[in-house]
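Notes to accompany the following structure.
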Amino acid sequence: MQTIVELKNVTKEFQQKKAVNDVSFSIKQGEMVAILGANGAGKTTTMRMMLGLMKPTRGTVSLFQKDPKHKEVLERVGGMLQEVSVMDSLKVKELIQLIQSYYQHPLELSSLLELTGLHEEEWNKRTEKLSGGQKRRLNFALALAGNPDLLFLDEPTVGMDVTARENFWRKIKELNKQGKTILFTTHYLQEADEVAERIIMINKGEVVGDGTPEQLKGKLTKPRVRFQEKISYPIDFYRTLPFVVEVQKEKETVTLIATNADQLLKEIFDRQLNIHHIEVKLGRLEEVFSQLMEDTKEVDSNEHLLDAK
Amino acid sequence: MNTFWMQSKAETVRMLRNKYYIFWSLLVPVLFYFLFTNIFIAPREDDGLWNLHYLMSMTTFSIMGSSMMTLGIKIVQEKAEGWTIFLKITPLSQFIYYGAKMVAQTVIHLFSILVIFTAGILINDVSLLFSQWLFCGIWILFGSLPFLALGTIIGTIKKVETASGISNLLYMSMAITGGMWMPIEVFPSFMQQVAKWVPSYHFANGAWEIIRNHYPSFSSYLMIIGYLVLFMVLSTYIGKKREAV
């Protein structure tokens, strides 16, 4: 598959502060990628540089092997940005038709109206009379007006309720199946985990993880073996077992955090420990995520990052 | 071409749906015209001429307002609401965006001119040769250009409140110093000198000359074009500076 997004050593500084620091990655056609990070981690800045709205201080960004601002690129890209309202004093239908006219090969009106999720009687409503959620859906439809091959979504589900969110992601997955490349930012870990095929984790402006949710979990999280003791063993005994990195004990419940759960279990059975109710849990991405955030917080707690807006 | 047509149409429709435009650019000038030609009447040498003179004052006053205020504040609002950012990631060019705004303004100005001239005919039964009406209309459209450029300068302001405050202040002071509310002949001589240097005076004065069977003076043409160039340069300069951040 063809590479359509490429960032090479991209750095963005605001008044000497690095919002994005030496970020490199590439995205191939048809991928569904989440850029995951806490607020102020540099997600929005990265996305705005990819869209050509900001120039990197150093490094290069290319979409379809061209400058993001190239007219041919703009024809093939759609975006739903944060803090973007809709043009006022126009009716929903009028606005969609207007945006369609910007593109050579727009998506047809009926599909776009359907994408807004608005009822037919609201198609003739003025945009300023729509609710926040409805405006967001309209923004989504407008992002697709040009039938783009590459879709950027910056924190698309902020402010949506659970049902709206589910519907939204169902639609996005459908679009991805049609072959569209989708790139979205989020600070909801669960969302990235459930929706994306690939997660790029960003913290303090740097890429701290890049892979499928499973790969990230495997690489960053360690499995836990938990059981109940029938007779009590001292903590130090557990520490001597191979592959164990950490021991937690609460009454008769023992949790061993291990580098390799399979090997540890073999060891436990070989030694015939007097225990029962054995469970093996894979690490949760959430824990890794917050752990990562914690780690870097300790390193430089005084440094504030500029939220680029 | 289709994009330009659609964009211009949308901008025109938006302006016609703007209540502030209807109120400030149509109702207020017509109301002032009625009051100052029928209710507050000072002794005049020539009532007929005054009725025409003040009609031109109010028409230019109206057009100056919609050029600066409607255009400028809308641009600021669209920026503040992020709409302009969205447009930057679509293939729509800046040229079409601003071009369509100018087309819409011109269509609206033409509409304002027709409404206010008609009001003059209905209220005071004023009369001019058809060629004079036509020339006045064309002059007013031409004279609105520096104010449109000024509108784009106001458009570089970041906050809607600031933009609205500054444009109101500029609008009112230019209307007064340019003699749109009362003829500059009643001003002290110092103020009369100031008037000769403000664009609003030359804007209105061209029309005042036409109704008196004269041509707009060379200095009026010069001032209109001079201010147009000045404001365009300033607007481009400030715009570029803002973008560099």
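A Cβ is built for glycine as well, from the same backbone N, Cα and C atoms used for every other residue.
TrEMBL has this to say about the protein:
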- B:53-236: domain 'ABC-2 type transporter transmembrane' (DOMAIN)
- B:21-42: transmembrane segment (TRANSMEM)
- B:54-76: transmembrane segment (TRANSMEM)
- B:96-123: transmembrane segment (TRANSMEM)
- B:129-157: transmembrane segment (TRANSMEM)
- B:169-191: transmembrane segment (TRANSMEM)
- B:218-239: transmembrane segment (TRANSMEM)
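B:54-76 is the stretch from B:21-42, B:54-76, B:129-157, B:169-191, B:218-239 with the greatest number of Cβ pairs below 8 Å to the transmembrane segment (B:96-123). When Cβ-Cβ distances below 8 Å are used as the criterion, the transmembrane segment (B:21-42) is approached by residues 15, 50-51, 54-55, 58-59, 61-63, 65-66, 69-70, 108, 112, 115-116, 119-120, 123-124 of the same chain, each at least six residues removed from its ends. In this chain, the transmembrane segment (B:129-157) touches the transmembrane segment (B:218-239); three or more CB pairs sit within less than 8 A of each other, excluding pairs fewer than 6 residues apart. Sequence-remote contacts of a segment are chain residues at least 6 beyond its ends whose Cβ falls under 8 Å from one of its Cβ atoms, and for the transmembrane segment (B:169-191) they are 53, 57-58, 60-61, 64-65, 68-69, 150, 154, 198-205.
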